[in-house]
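Q: This is the feature table in TrEMBL:
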BINDING   His6, His8, Glu92, Asp203  divalent metal cation 1 binding site
BINDING   His128, His153  divalent metal cation 2 binding site
Amino acid sequence: MYIDTHAHLDFESFDEDRDAVIQRAIENKLSAIITIGTSLETSRRAIELAENYAFIFAAVGIHPSDCAEAGDEDYAEIEKMAAHEKVVAIGEIGLDYYKMYTEKAIQMAAFVRQIELARRVNLPVIVHNREAHADVLKTLVEEKATDVGGVLHSFSGDAAFLGEVLKTNFFVSYTGGVTFKDPRGQDELARLTPVDRMLLETDSPFITPAPHRGKRNEPSFVIHTAKKIAELKEMDVKELAEATTANAKHLFTLTI
């Protein structure tokens, strides 16, 4: 069984066939999907999906690219949502120095605020990091995000950064990027990551793995990422699936 720890099932690209996508996930042996909020509205929709499907769980939070207009009322609403029984994490939160839709100071304030929120509600954090490696790790440590733990989703960086992350209690998660013809180092990072610190994700509808490149991604495709990582680590894919599923159940306290 597999767990897709990061999908955006509420996005409009799933509007025409969402139920079929979810059914395919079940047929392909996914035991859980975590659907992720990036704003107040997407967090609400994530909870709605989790309410409708027993094996879907939700994360709520405000993405660094969506935090420019977020105010006190928005963060208060996120905190209320966090009390829902199907909410298992605060996310997707973090820093994005690549797209820079929001200036750094505002991103940082939102990141810190939501780490504080996560600590109050005792939920792990799901962290977005685009070209902000040093600031992300420094903030997680200084703001004591390690008290609740979490995951650096769609992991990127180099071996040195991976080593620093592994000194904390954070997990790292890999997407279909490891299957690309030019994986940009993702394959080597996955090979170096201990299986007991690894999660799997699709980041659906984005980062579609081979052999489905050019199509919309979906949770059932997580198996292709698992197979590639198992190949890189020279281990049985069933063993990898069992380990990463156990990791996800532990981090997110999943009742499955």
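Yeah, the Cβs are placed from backbone N, Cα and C, and that goes for glycine too.
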Q: Show, in sequence order, which residues other than His6, His8, Glu92, Asp203 on the same chain lie with their Cβ within 8 Å of the centre of the Cβ atoms of the divalent metal cation 1 site.
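A: Other same-chain residues with Cβ inside the cutoff are Ala7, Ile36, Thr38, Ile126, His153, Ser154, Glu201, Ser204, Phe206.
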Q: So which one is it: of the binding-site residues Glu92, Asp203, which has the fewest other Cβ atoms within 10 Å?
A: Asp203
Q: What's the CA-CA gap between His6 (divalent metal cation 1 binding site) and His153 (divalent metal cation 2 binding site) in angstrom, rounded?
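A: Cα of His6 (divalent metal cation 1 binding site) to Cα of His153 (divalent metal cation 2 binding site) measures 8 Å after rounding.
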Q: Tell me the Cα distance separating His153 (divalent metal cation 2 binding site) from Asp203 (divalent metal cation 1 binding site), rounded to the nearest angstrom.
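A: Rounded to a whole number, the Cα-Cα distance is 9 Å.
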Q: Cα distance, His128 (divalent metal cation 2 binding site) to Glu92 (divalent metal cation 1 binding site), nearest Å?
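A: Pair distance, Cα basis, whole Å: 6 Å.
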Q: Reduce the DSSP letter at His128 (divalent metal cation 2 binding site) to three states and note it down.
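A: Where His128 (divalent metal cation 2 binding site) sits, the three-state DSSP reduction gives strand.
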Q: Cβ atoms within 10 Å, counted per site: which of His6, His128, His153 has the most, among these binding-site residues?
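A: It comes out as His6.
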